[in-house]
């Protein structure tokens, strides 16, 4: 039987498939030159998707596994300003074992007068109900409290105050002894945002401080451990919650259970996941482009082989099967590598960034994200491989046997175009179906397609412009310009592979710079230097006099301050109210509030009317206008707020436009004076110092106030701003690192595109040498070509990033956009360095080729 008969006479599809498999394996054993980039791009794209999914799953699993540790019990009941009543306490103890704690901010002072803001937690003997407190020294919580009036502190507090274990520390009116240093606490995520080092003390020591006064800003938390593992029954938890709310409707308790221990942390994680999902999808599509480039290059090298198959009677279907089998096998290798890298991501992050993580990740395999990543990789391969394979299988033997550098047209490949489109649609559906925020994912996917379209269109325009506008001098520029306009130009490859990654990095840098500029501008111009909490109304005159005795030009402002929790909007419980996601935080916990007969500074009434002085009618409230609209509120609507264990229903009389960035005293809710004037409360006071005040004078003021008013807490605005800037820098660094991954894949795609055109470049270099071009001219032409394309792509990336950053700053963040030229120039430099490096390596290989073998072949 002849070879032709063997290939042509394969009647069954199974026989054809078997033959295709044999041929595919034989060719792969002979070598798959150029397909390393294929495997690399698939591996990187799948790794990105798998890593993102695995990290999100690890975080969710960690929250679920450690829920009891994170809130310190099966349930927690939190209330501000007051302790639980005897009736409430009895009801809590009927549920199970109870641990009560008090959390507040206070000034800690050494004997030398140095002071620091701290976060104090006072706990009882039952603490902790779950887990253990990590006491670094002496190593045991019970041993640390063998003496009366002892505290545990975080090591950083000792450094700030120059203290050692055993030294004296004054908190409020109590003189305490530092008994040891404090490590991690099991319920640390249940605490609010920290403004200073943590101090742990007993409830008995708290009583000695004198800080527990009517109206003091103390948060009382009652954690409950249910008996007989009853806490594992989620329905039981919900039943208890509803029963307590019904029994004490005006308690003001914020009730949480272990099934959702840190809702704010979960929301923040979801927001970050939305961004890195964007990076993952971008990485996957970039990898797909690399796959497409690699397979086109591979098929170009197989022209003679395919021609031989067809001359021997092979059908287009057999040819397609052979190379589709190879593509699937190589994709399988890439997917396996990507899945291994993605599955390893939680372990790597948990090991490298253990101290920075809010909680230990659940380091274990998460099959669903890996399955999604594998399917995404397979669909991406089909999307970018089916079309070039289909075109190659349809080319006639006569055309395949022709040599040359020009592309050739084939018969209709409509079925393959439909197949590729179906794979793309399936990938889009998979991305949406596997996301919790499906609308956001759909918008992100469409945005990526638009960005790719812009970059591809830009590359095509550059190529066509170069083809129409030829240059003749100098020779190196002419050669580079001709190469940019030639059919095998790298214009599209460089624009698509690098443009999006560069744009992401520039946009992140510009947004970061704008946020920092916004923070610094308001702090320098408007913000007070200090906030003081828990100032007694009767002490206000002496308090201001103490500060102004040291600095007569100091300016001080004050306002009554209480905290309350919104429980109803227009008569509907907040749990059932429909509110904007952007304003849900307003009803998720307690809020600061005040009363006054005049409009607060840094705000103006934008709707409604302010109440007259000496108003004595039904309770009225003025609301932040933007937040009120997000909550679905308007003038005349009723809002119910729980304050000090009593529900206060007030009518919205006005809405205010508030300049929160000024950091002046302001509140979401301001009540008419007759509503709260009789409630026990303290004052919040600000201190604004003249510009250029010496640090010694500032320190003297704070020390004098701390000595005379030990129960008052001082918060330095500069420290808060520094903490915010540090947190912002860490967040932006994480986002930049994630965005940089797309640049890494883009570099791989670019390398693949350059490799695909290597044969053409070598042929042209030989031709140029034959026509008299020097090595220097060829080298210059190559570097100029890469440099021009890299520069053009970088400029486009700067434009796209600037528009994107401006839109986000203006419409999403409501801040002034500030263009940072250094961020743009730095990224342009990075793009040029990357592209020129690839160009230099490529040119070195091209120039090392001898011309003689090519000339003899011609």
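Heads up, residue numbers simply count up from 1 along the chain you see.
In case you wondered, yes, glycine gets a Cβ from its N, Cα and C as well.
TrEMBL lists transmembrane segment for one of the ranges 493-515, 516-538, 539-561, 562-584, namely 493-515.
Per TrEMBL, the stretch carrying the note transmembrane segment among 239-261, 331-353, 469-491 is 331-353.
By the count of Cβ pairs under 8 Å, the stretch nearest in packing to the transmembrane segment (493-515) among 275-299, 331-353, 731-754 is 731-754. Ranked by the number of CB pairs under 8 Å to the transmembrane segment (35-59), the listed stretches 305-324, 331-353, 368-389, 439-462 are led by 331-353.
Remote same-chain residues near the transmembrane segment (331-353) are listed as 38-55, 58, 291, 360-366, 369-370, 373-374, 377-378, 381, 385 (criterion: CB distance under 8 Å, separation of at least six residues from the stretch ends). Counting same-chain residues at least six beyond the ends of the transmembrane segment (368-389), those with a Cβ under 8 angstroms from any Cβ of the stretch are 42, 45-47, 49-50, 52-54, 56-57, 284-285, 287-289, 291-292, 295-296, 299, 320, 323-324, 327-328, 331, 334-335, 338-339, 342-343, 413, 416-417, 419-420, 423-424, 426-427, 430-431, 434. Residue counts for the domain 'ABC3 transporter permease C-terminal' (739-848) under DSSP (helix as H, G, I; strand as E, B; rest coil) come to 96 helix, 0 strand, 14 coil. Residue counts of the domain 'ABC3 transporter permease C-terminal' (278-394) by helix, strand and coil are 98 helix, 0 strand, 19 coil (DSSP-based).
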